[in-house]
Amino acid sequence: MADGKETQGVKRKRTGPPELPLDVKIGHKIHHSTKEICKAAKKAKTFETQKLIKKLKGLRTTKKPESEIQDCEAQLEALKTTDHHAAGSTVFYSKIKKDKVLAQHDAVKSAVESKLADTLLAAAPAGSPTAKVHARLLSSKTLAAEAASAVQALRALVQPPTEVENVEGRDNEEEAEVKDAPAQQRKLKKVKTSQQSQAASAGPTPGNDNQAAEADGWESGTVDEDGDGWESGTVDGGDSDAGDSDADERPPPKKAKPATPAAAGVAGSSQFLPSLAVGFIPGSDDSDVEEIEDKPKKNRRGQRARQAIWEKKYGRNANHKQKERDVAQEKRRQWEERAQKRAAAAAAWEQRERIEAQVQARPLHPSWEAKKKLKDKEAAIVPSQGKKLVFS
């Protein structure tokens with residue numbers, strides 16, 4: 001019992017499966033890759049078969065020479081007898097032989113010789129239908145892509161990438177993603193960062209409040225300098241003609257604006273804040289209202305007046321004239337259709353009366369004639385009138 005209590009809480013440590021040697025891993029990898037490549041070879045064979053069948057139908061439909069038809073039929077038969085497993089093994093074998101790392105590895109050589117060397121396609125005579133079929137099948141893009149991925153996986157197994165190569169690969173991918181990013185997004189990011197840096201670095205200074213206020217006044221439309229009246233549209237009455245001629249020759253220097261006590265106040269405040277709320281509005285609001293009220297009301301022309309203008313401008317091509325012509329043509333067409341219907345009905349009625357007259361004019365059958373005469377004779381006999389006898 002004591003031994004049982006001691007061993008009850010002990011857990012057995014699980015160990016993973018033993019790592020396989022490299023040659024065994026390479027053999028398994030080649031076996032699995034061969035299966036996948038054979039699947040791709042089967043798809044390529046099916047595709048080539050469909051192409052040959054379609055080509056053969058086209059040759060027979062267009063009545064091409066018999067030699068071309070026979071050659072196409074021979075290629076189709078050769079393709080049907082081709083083993084897709086052998087085609088896949090051949091492509092995989094040639095890809096491995098072309099790779100320098102795999103072609104010089106001893107374990108890969110032994111695995112290839114044991115698993116692929118015996119299942120290769122047999123060489124066909126040059127120019128024969130079998131050689132043509134094998135060439136098209138082995139050059140399939142689907143088959144080549146599958147074989148290339150298998151060779152890459154096998155190379156990674158033989159020479160596993162180091163940590164430095166992995167880090168460099170990730171860095172290259174990140175650089176490629178950054179390069180592929182749209183230029184517009186990069187520009188927006190740069191503008192945002194520059195604006196943020198400018199907002200953080202630039203601060204209001206007490207000495208520059210007057211200049212900033214003056215600039216704000218220009219942007220908002222408020223002008224209080226004598227020389228600025230030329231641009232704002234206000235001219236003092238004290239200016240003379242001589243002063244105007246001098247101003248044309250050279251512009252007068254601006255007067256230095258005296259510093260106001262309000263500008264030396266709290267940094268960041270501005271005495272032009274009310275003027276920044278709106279733009280420049282010449283004149284007063286009352287004058288605008290009076291001008292609006294004095295304007296006479298413009299009535300829109302009537303339809304006839306507009307049509308008269310359009311007739312003078314476009315003539316017969318005016319829209320309302322075209323609509324009138326269309327309406328008149330539609331009425332005329334409807335009237336003609338009704339007249340045709342009446343004429344057709346009258347012609348049908350006349351035809352029916354003519355047929356009835358012809359039927360009546362034909363001689364009757366002797367039996368019908370005898371019956372008719374009998375009926376006429378009976379109608380001519382007057383029935384006897386009975387006399388009432390009265391006995392007294």
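Glycine too: its Cβ is placed from the backbone N, Cα and C atoms.
Any TrEMBL annotation is an automated prediction that lacks curation.
These come from TrEMBL:
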COMPBIAS  238-247  compositional bias 'Acidic residues'
COMPBIAS  321-339  compositional bias 'Basic and acidic residues'
COMPBIAS  368-379  compositional bias 'Basic and acidic residues'
DOMAIN    30-391  domain 'Bud22'
REGION    1-23  region 'Disordered'
REGION    162-339  region 'Disordered'
REGION    358-392  region 'Disordered'
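Here the domain 'Bud22' (30-391) returns a mean pLDDT of 74 for the predicted model. Cβ atoms under 8 Å from those of the compositional bias 'Basic and acidic residues' (321-339) belong to residues 311, 314-315 of the same chain, restricted to positions at least 6 beyond its ends. Broken down by DSSP into helix, strand and coil, the region 'Disordered' (358-392) contains 19 helix, 0 strand, 16 coil. DSSP labels the residues of the compositional bias 'Basic and acidic residues' (321-339) in these numbers: 19 helix, 0 strand, 0 coil.
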